[in-house]
Structures are given as structure tokens and as C-alpha cells.
Amino acid sequence: MKKITLIRPDDWHCHLRDGSYLPRTVADIAAQFNRAIVMPNLVPPITTVQQAKAYYDRIKAHVPKSSNFEPLMTLYLTESTPQQEIKAAQQSGIIVACKLYPAGATTHSQAGVKDLKAIYTLLETMQSVDLPLLIHGEVVDYAVDIFDREAVFIERELLPLVETFPQLRIVFEHISTKIAVDFVLEAPSKLGATITPHHLLFNRNDLLSGSIRPHYYCLPILKTSEDQMALIQAATSGNPKFFLGTDSAPHSQTKKQSICGSAGIYNAPAAIALYAEIFASQNALDKLEGFASRFGAEFYGLPLNNSQITLIHQPWQVAESLPFGNELVVPLFAGQTLQWQIKSHEHK
């Protein structure tokens, strides 16, 4: 197959950052996706509807005039989030979910939740107003090996949470293990999962074998080849529980190529091309539209996009680096050749 036309896709998990970084991040996401769920882990985090509305306006100010891109906002849950804020979020018209970060699990998560049971009252409210919960599913216990933190989170936290709140819609974000795939497959339909391009493309050998590759360092950390294959099978299966979420998370080149480098991969400039490469490698391009354009929207109860994109099998080279505020960001596959690219955007 040399060409494929899709309903314009959405990104159900991305980081746009703020301030001088927005011109870069918004343009790169808007070039491919019609909507994107924007993570709230700024400094300070987006914990109120008022803050979310202000951030929404800052993002919209950088949407190219040729684009219909719509940011879908989230609230950052803390142990002191008022119940009224949950109700206000549900009625806001711009907030589609609340995000649970275990405190210290990832970038700018220090204000996150230390004890999940401390927010059970908030989760009851979210369940009653049907506001989805997005979860970074890793424990932060230093005694737990970093490669086991997702699996331990499932056992300690997620399983009891799903049993306690059977009507709460939950997205298990950026899953990275076979254990997570199996859990999602067995869970009720109220639970879905996003899968990133980098967890499909790489495993921990790519990160650590021979030399350390800081631009492959992310959280959850890359796992085994067996985990990678389970994720590929899930993404390309056509099962609506699994949908696209890039977790595109830019850091400046100096922060990535550092003695203490930041976790996060900037895959936005080539995201849909990367997914196309993966699906093509599995002879599953016919399943790409479901994963990229249908299943996430259906999970959130949102209409499908009324525009299309066409991807063509034609080599192109990813930039070595890109302007990022007053700095540079190195995109995933920098300087390398990819086989798929967007040809056109078509509006019905």
C-alpha cells in the first residue's frame, strides 16, 4: 500500500508546555491532529478551572489560522482539590478529564497524590458526573525496581480502584508492559489505554545497549522486547480499548543531553508517520484509523472529526533539531529517514 486516507486523528495524551515553547508544540501537534488532550503538569500545575481556561486561551493563541485544532483540557488532581472544582470542570465546556499523578512519578508531579485513598471522595464525584480519570500508572516507592513500577501499580492501586469505582471511566495512559495490556483486555469496558509511538518502536535494549541514548529516555521507561511485542499486538488488533496517545513531551536539547537528563520524548513532528510505520510493519494499516481516529473519540463520547488526512509512502528526513523557545529541541528520529508522511488535509 502506497497511500492511506484516514479520518483526521486525535492525540489523547500530549504535553504542550507553556510560554515561549507554545509556538513550537502547538504547531507540531496541530499539523496532524484535530484535537489533543493537554496534560496539566505545568509549574504551577493546572488545578482549577480558571487556570485551565487561561491555559486554553494561551494555547489557542498559537493555533495556525489554517487549522481547526482544539485543545482538550485536564485538571491536575491533588489531595486538596475541592469537590466543587470537579463539578465545575465537568460543566466548563473545555475540560474533558482529571489527571492522577502519583507524587514524584514523572516530570512536575511533585504536587501529585501521595495516597490514592485520600482522593476517593473526589473519584466518587467524578464517577457521579461522568468525568474521566487519566492515570500515570506507576508506583513511586524507591524500593520497587523502575522496570516493575507499572506492574506493581496495577496490583496495589489500579485493581482496587477499578473495583471500587466500576462506573468511573479510566484511561491507563502510556502503557508499557504486557502485564498492562493483559489487565486492560480483562478489565471492564470503562477502562481504556493509550499507547505511545516510542513504546511501540523501542525496548530497553534500544535505550541502554551499547550506549545510553538520552532521547529514548521516558517514563514509563522502555521495557523488554516481549512487552514491546504485546503493545504492538494490542495497538494493531482493532480492539477499541487501545487508542493513540503520543505522550509527546519536549525538553530542550541541553536538558536531554545532560549528566542528569530529563525524561520525555518529543515525537510530535513525526507522530502519525511513526504510527503508520509500525502498523505497516504488521500489515495492519487497515487498523490505523480505528486506533488513531475512532476509538479515543468513542471512549470520550465525542464526535468523529469531519476532515481527513492522506498519508503517502514517500521517504523524508526528520529535522536534526527544531527551535524551542530560545533553545533547541531534538525530535525523535532526528536526522533519520521515515517512509510515511502526510500528503494532504482534506475537509468535507
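For all residues, glycine too, the Cβ spot is worked out from N, Cα and C.
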Which of H136, H215 belongs with K99, H174 in the Zn(2+) 2 site listed by Swiss-Prot: H136
Of the candidates H251, H313, the one that Swiss-Prot places in the substrate site of H15, L16, R17, N41, H136, L219, A263: H251
According to Swiss-Prot, which candidate in D227, D247 joins H13, H15, K99 at the Zn(2+) 1 site: D247
CB contacts for H136 (substrate binding site) [other CB atoms within 10 A, all chains]: 24
Residue among binding-site residues H13, R17, K99, H174, H251 with least C-beta crowding, 10 angstrom cut-off: R17
Nearest of the binding-site residues (H13, H15, K99, H174) to L219 (substrate binding site) - Cα to Cα: H174
Distance from N41 (substrate binding site) back to H15 (Zn(2+) 1 binding site), taken between C-alpha atoms, in Å: 8
Residue among recorded positions H136, D247, H251 with Cα closest to the Cα of H13 (Zn(2+) 1 binding site): D247
Residues within 8 Å of the H13, H15, K99, D247 Cβ centre (excluding the Zn(2+) 1 site residues themselves): C14, I37, V38, M39, N41, L134, E173, H174, G245, A249
